[in-house]
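*Asks:* Next up is a structure, given as C-alpha cells.
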Amino acid sequence: MIMGRFALLLFLAFSTVQFLCFAADGDDDVVFYDSFEEPFDGRWTLSSKDDYKGVWKHSKSEGHDDYGLLVSEKARKYAIVKELDKPLGLKDGTTVLQFETRFQNGLECGGAYLKYLRPQGSGWKPEDFDNESPYAIMFGPDKCGLTNKVHFILKHKNPKSGEFAEHHLGNPPVVPSDKLTHVYTAILRHNNEVRILVDGQEKAKANFLSADDFDPPLIPSKTIPDPDDKKPKDWDDDAKIPDPNAVKPDDWDEDAPMEIEDKEAVKPEGWLDNEPEEIDDPEASKPDDWDDEEDGEWEAPKIDNPKCAAAPGCGEWKRPMKSNPDYKGKWNPPLIDNPNYNGIWKARDIPNPKYFEVDKPDFEPIAAIGIEIWTMQDGILFDNILVAKNEKVAKSYRDTQWKPKFEIERRKLKAEEADGSDELEGFQKKVFDVIYKVADIPFLSAYKLEILDLVERAEKQPNLTIGLLVSIVVLIVTVFFMFISGGKKQPSVEKKTEVAETSKDQGSSGEKEGGEEENKETAGAPRRRRRET
C-alpha cells in the first residue's frame, strides 16, 4: 500500500513538472485557460437577464481539492460568459477547444455545452448574454429524452445570402452516463477536418466541406426545386386505382362478425359459479372519523376472492370467443394499374441562388466563451476550460489536469462496486443460513434433502441464485399448505428446479414441459379479470 501511494505521488510530481515545462515552452499556443482554482467573480460575468436564476458556485469537485464552476440548483436556466482579451481567428492553423465536465448527481435532462461567441453587435455587454447571443461554435454534451449527444454545431455565414445557418455534426458521440469527470476536445485543423475526442479518445471525425458529414451541408446543393413550379391540375400520380369492372361476390357477407362464440368450449371442472371474483376485505373497518351524512354510506374495499385463486375461475362462466372462419369484412374492389398514371410529380430544378463554393469554411472569430444551459439536474461541474493553437498543449492539460482525477474516481467506483458485490454475497449467505434452519422443521423432513440440494446448487452457481431461491420458497409454501390441509400430493421439485435453471437464458420456456395436458383441460376457460386498482 505504501509503495503504491509513493508511486502515485511520484507520478503526479513527474507529470506536474512535465506540464510546467511544456507550458513554459508553449505559452504562445494557449489562447485562454481557466482552472477555476480561484473564484470566478470578476473574471466571468453573470447574465442579468430575468430567465437565468440558476446560481453558479465556486466549488470543489467531490473527492478532490480541485475547484470548478458548479451548477448548484435543479430546474434552472444558467448563463455566464467570459470575454477573450482579443478575438481568435479560426481560418488559419489549428484550433483546439477543450473543457471538463462532471455530472456529480447524474444527468437525466440537461445540457453541459459551451458556446464560443463570435463578436457581438455594437452596444452589447457581457451582462446581456442569453440564448440569442450569436455564437460561432457550440460544443459539448447534451442529454434529454431522445437527445443524447456531444454537440458540435458550426454557425456559418452564406457569402451569397449573408444568412447564418447552424450546421450540426452528423455523427456525434454519445454522452458518458456515469458520474466521473470527462474531458471533451474539438480539434479544428487547417485541412478542413474536425476531430471530436472524449477522454482523449477520438469518437468522431468529419470534413467541414463534406456533404455527408454535416446536417445541413455547409455548401448547399447546386440546384433546388423551383418554388414557382406547380403541378398541373390534370396530373394523375396514383399508380393504382380500384378496378371499375370488379363486382362483389354474391356470397360475400360484410356483416359477418370477426369473432364468434366457441361452441366446443366446455366449462372447466371445479369452476366456482357462485363465488364472486372479489369480496369485501374482512380486515377493513370503517374509519373513526367517517361521517355517513357527509361521506356517504361506508363500503369496505374489495380484495381478490382467495377461493378463486385455487380454482380455474369464479362467477358466471361464459364460452370464450374465437376467430370467425366466415369473416371477410367490408368488400373493396381490387386495385389495378392506372392507365393514366403520369408518375410522381416533382418541381423542376433550377440553379440555387444561395449556392457557393469555398476551399475553406469562412469561420467567424471567437470573441468570448459562454455557458448558457437549462438543466433539471444540479451538481454539474465545469473545469479546465482551454482554447489553444496546438494539439500537444491540449494533450498535456489532459494528462496533468484531467487524468489523475479521473483515475482516482475510477478506482473509487471500482472499490464501491466490489463492496456492493460483497454485501450481496453476505446477504445471500444470511438467506441460505435461514433456509438451512427452515429445512430442519419436522413437517419438511420428507423434503429436506431436496431443499438442501437446491441451496447447495445456489451457493455454487450465483447466477442462478434468485431462480433457485424462488423454487425453494415455492416448495416450502406448497408443502406447508399440503401439511395444514392434510394433502399427500408430492410437489414436482425437479420441474420447478428446471424452470429456475433455464430462466436465465430461455425465459419461461421450461414451463412448457409437462403442462400440455393441463392446457388442454383449461383451453376453453377465459382468463380471469384482474382487479383494477
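A Cβ is built for glycine as well, from the same backbone N, Cα and C atoms used for every other residue.
When I checked TrEMBL for this same protein, it listed these features:
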type	residues	note
COMPBIAS	225-241	compositional bias 'Basic and acidic residues'
COMPBIAS	251-262	compositional bias 'Acidic residues'
COMPBIAS	272-282	compositional bias 'Acidic residues'
COMPBIAS	289-298	compositional bias 'Acidic residues'
COMPBIAS	491-504	compositional bias 'Basic and acidic residues'
DISULFID	Cys109-Cys144	disulfide bond
REGION	208-316	region 'Disordered'
REGION	489-533	region 'Disordered'
SIGNAL	1-23	signal peptide
TRANSMEM	464-486	transmembrane segment
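Let's see these features in context: how buried, what's close, how far.
*Replies:* When Cβ-Cβ distances below 8 Å are used as the criterion, the compositional bias 'Basic and acidic residues' (225-241) is approached by residues 335-338, 340-350 of the same chain, each at least six residues removed from its ends.
Same-chain neighbours of the compositional bias 'Acidic residues' (272-282): 299-305, 307-308, 311, 313-317, 528-529, 531, counting only residues six or more beyond its ends whose CB sits under 8 Å from a CB of the stretch.
In sequence order, Glu108, Cys109, Gly110, Gly111, Met376 are the residues near Cys144 (disulfide bond), counting only same-chain partners six or more apart with C-beta under 8 A.
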*Asks:* When secondary structure is assigned with DSSP, how many helix, strand and coil residues does the compositional bias 'Acidic residues' (289-298) contain?
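*Replies:* Split into helix, strand and coil, the compositional bias 'Acidic residues' (289-298) gives 4 helix, 0 strand, 6 coil.
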*Asks:* So how many of the residues in the region 'Disordered' (208-316) end up helix, strand or coil by DSSP?
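*Replies:* The counts are 8 helix, 19 strand, 82 coil.
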